[in-house]
Amino acid sequence: MSWFNRVKPSISSTAKRDVPEGLWWKCEECGAALHKKQMEASDHTCPQCGYHFRISPYKYFSLLFDNQKYVEFDDHLRAADPLHFVDTKKYPDRVSDTIEKSGKTEACRNAHGLCGGETLVISAMDFSFIGGSMGSVVGEKISRAVDKAIELQSPLLVISQSGGARMMEGAFSLMQMAKTAAKLSLLSEHRLPYISLMTDPTMGGITASFAMLGDINISEPKALIGFAGPRVIRDTIKRDLPEGFQRAEFLLEHGFIDRIIPRRELKSDLTTLLSLMKL
């Protein structure tokens, strides 16, 4: 009965390779699988459908500043907890956890350098840090970016990428809307241009304050731009919304923004704008 006890050889299988995390991306628009090198070559846009992935302030700095050289400033500012706010966790703990996980210190970064040979100050927001929400630090950083632009006698570019005001700071957060709007008026007094670039998403108190106050308001393709979200509006008015409502293309058609610029054309178009504004 030796044949009965004979063990059949198992099917051989190839050992699985460990794929490094972040090597492959999936396009949220068309589902295409994109290699990291493809993403970097296309400035984190989908080569198939043109979808724009969210990128960090550092990537915008590298994209826009000549030779990727720039000077960051006011990185030492940190959020306080004046309301001792607690939801599922204490606000300071939430900020600390976000800093630890992301390696970022706030939802906004400031830098200055040369863009097309012209001095430019950039204040860029980061959705990955608590939804890019605007608290007292973000408001202060944008205000200081205005001061730096006046000091250098240069234009200011603010790149918005935010869900709105930071609820954990309550009225202190809402105060930043008035603060940033008032501060931007100083640029007009000094005859310095302010360019607002809205990326996906630009919502809530950001749209209601500095994002729509640019001398020139531009946007990346298909960016969600508005105050309340489409679902909230639909549920409130009990009506279906037009197709593409609150997308950049809809806003351009209705005169709310001046131009839509694909990310790969942003540096060249911005250089042209800066040279024209200098005349």
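Each residue, glycine too, has its Cβ placed from N, Cα and C.
Its Cβ placed at the centre, Cys27 (Zn(2+) binding site) has 18 other Cβ atoms within 10 Å. Annotated Zn(2+) binding site per Swiss-Prot: Cys27, Cys30, Cys46, Cys49, in sequence order.
According to Swiss-Prot, the domain 'CoA carboxyltransferase N-terminal' annotation covers 23-279.
Per DSSP, the zinc finger (27-49) is made up of 6 helix, 4 strand, 13 coil. The zinc finger annotation in Swiss-Prot covers 27-49, and the record cites sequence analysis as its basis.
Around Cys30 (Zn(2+) binding site), the same-chain residues six or more apart in sequence whose CB sits under 8 Å from its CB are Cys46, Gln48, Cys49, Tyr51, listed in sequence order.
Apart from the site residues Cys27, Cys30, Cys46, Cys49, the chain places the Cβ of Glu28, Glu29, Gly31, Ala32, Leu34, Pro47, Gln48, Gly50, Tyr51 no farther than 8 Å from the centroid of the site's Cβ atoms, the recorded Zn(2+) location. The least crowded of the binding-site residues Cys46, Cys49, judged by other CB atoms within 10 A of its own CB, is Cys49.
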